[in-house]
């Protein structure tokens, strides 16, 4: 009887592991084939060779870019170099990347920028908020942008016990922002186990100097986050669940889920087209190739546009797809006046005229 029970438990365990392995491979797009969709007028931006994980474009057309992210399990072509923030003027005929100088007093050697978000104050001062992972911790850095000097002045470092494994942020007021937590565990092995078991323990946080709280939870891997043009709705990407959550924002900053838009790809960062209100999503169509990077068979890139977000049937269309021959590991796409920038975790940056 004991042997029979043991064999039954062993069989059930093996069946569970097999099911999770198959689900894990499928969730990371291990079998997805890519059909190329590429605008004709595209060029790679010179000087951006080590990633452009997140991009935020001001109404003036100045684009901030975080570069050089060192993320557990992901490739990095310049592991000994600190991260950087670049600026691109989308109004230029041939846009070029310019590294922004950071003021003294900030620990540049451990700068590891991830998600970014801009905020323009009433006096038109531009502030850049950056998710930073110094020594693989999570902080949010606040910089003031000096446009004439093309530099960043570091103002403040935000730390909090809830701000762990932070991926992205969207700023809605002075020191008021939503942040996504992409893993419950900060240990890399436990984080992998968390993904393997699909625990849905990640969340969205709200931060202000007076209050820090969880405002939405139950995500497989909360990733990109942005806000609608009228600031009434918050859009959250759940990467490994392959969907986008549409959340209503309340006066107390709590979020209520209205709908979920299902996509057949791993969703990373989100942005909103300022002309239409459409969501643009940087995606990973074959995420398993990110975890097992092979330069001979690189991960591809994909950008989706979601129109009529609040309708019963949002329309999803493909803006860009590449098998990795041009662009590897896309994370974000941001548009300005018919032009688009597509960023990556560790690779290059693509500029296209749509």
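Glycine too: its Cβ is placed from the backbone N, Cα and C atoms.
Not measured: the values here are computed from a predicted model.
Binding site for Ca(2+) 1 per Swiss-Prot: 167, 223, 268, 269, plus 53 from the candidate set 53, 81, 92.
The Ca(2+) 2 site recorded in Swiss-Prot includes 54, 116, and the single candidate from 168, 187, 243, 252 that the record places there is 168. Annotation for residue 352 (disulfide bond): same-chain Cβ neighbours under 8 Å, separated by at least 6 residues, are 39, 41, 42, 43, 320, 339, 340, 342. For the recorded Ca(2+) 1 site, residues 53, 167, 223, 268, 269 set the reference point as the centre of their Cβ atoms, and the other residues of that chain within 8 Å of it by Cβ are 54, 114, 115, 168, 182, 224, 237, 239, 282, 331, 332.
In the three-state DSSP scheme, residue 42 (disulfide bond) is classed as strand. Close to residue 50 (N-linked glycosylation site) in the fold, though at least 6 residues off in sequence, lie 67, 68, 76, 77, 78, 81, 346, each with a CB less than 8 Å from its CB.
Apart from the site residues 54, 116, 168, the chain places the Cβ of 53, 55, 56, 66, 113, 114, 115, 117, 130, 131, 169, 224, 269, 332 no farther than 8 Å from the centroid of the site's Cβ atoms, the recorded Ca(2+) 2 location.
Ranking the recorded positions 114, 116, 165, 168 by Cα distance from residue 53 (Ca(2+) 1 binding site) puts 114 first. By the criterion of other Cβ atoms within 10 Å of the residue's own Cβ, the least surrounded of the recorded positions 116, 165 is 165.
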